[in-house]
Amino acid sequence: MRKGQENHKISLCSATVWSVVCYSTFVDSVRSSFASHHHHLRPLPPSTHTTTTTTMSGKVSGKSKSGKAAGSGGDGKAQSRSSKAGLQFPVGRIHRLLKKGNYAQRVGAGAPVYLAAVLEYLAAEILELAGNAARDNKKHRIVPRHLQLAIRNDEELGKLLGNVVISQGGVVPHIDPSLLPTATGKKGKGAASQEA
């Protein structure tokens, strides 16, 4: 190894150390200013403070005193991406299906969260309308007929699911007004024909 390369490696290592020191100083100053302004909040326990070490190759490794990697959730409890996003639908499963479905070469981290949120919204909307239809029919259980009535009576859902056939759903009751008998016109004609 040439002397220039060695100096470059040392300077790169010192730059990394310098950036780590600046970062830790910045974090400490932010923490202290936050604590002074928000003294009513309880401070972080000392076990969550991280120590950062720099190897000779210039790589930075962060570990907390509890042995867990820096950046992992506090208290050591794993938190699902669904709970982080405040969703009920599975973000991890949707991410896996997007990756394995050959939709694209790469799938961003936000895509499954967005898709899970959209699917959850649509499911909640349909279930709310179907529950209302079940209650109108004095039933406690949602059956396909209630789903059919809920979707077809809603303008936007009817447009979205216009080409969808719901098994055991039946049809929406509708009689064209021209087919209904007119009450006044029939009585007048019937009475005249009986007299003649």
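Note that Cβ sites are derived from N, Cα and C of the backbone, with glycine treated the same way.
Whatever TrEMBL says is automated annotation, not expert-curated.
Feature annotations, courtesy of TrEMBL:
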REGION    37-85  region 'Disordered'
COMPBIAS  47-69  compositional bias 'Low complexity'
DOMAIN    77-152  domain 'Core Histone H2A/H2B/H3'
DOMAIN    155-189  domain 'Histone H2A C-terminal'
REGION    177-196  region 'Disordered'
By DSSP, what is the split of the domain 'Core Histone H2A/H2B/H3' (77-152) into helix, strand and coil residues?
50 helix, 0 strand, 26 coil
Quickly jot the same-chain residues contacting the domain 'Histone H2A C-terminal' (155-189) by Cβ under 8 Å, restricted to those at least six beyond its ends, or write none.
125-126, 129, 143-145, 147-149
Per DSSP, what is the residue tally for the domain 'Histone H2A C-terminal' (155-189) in helix, strand and coil?
16 helix, 0 strand, 19 coil
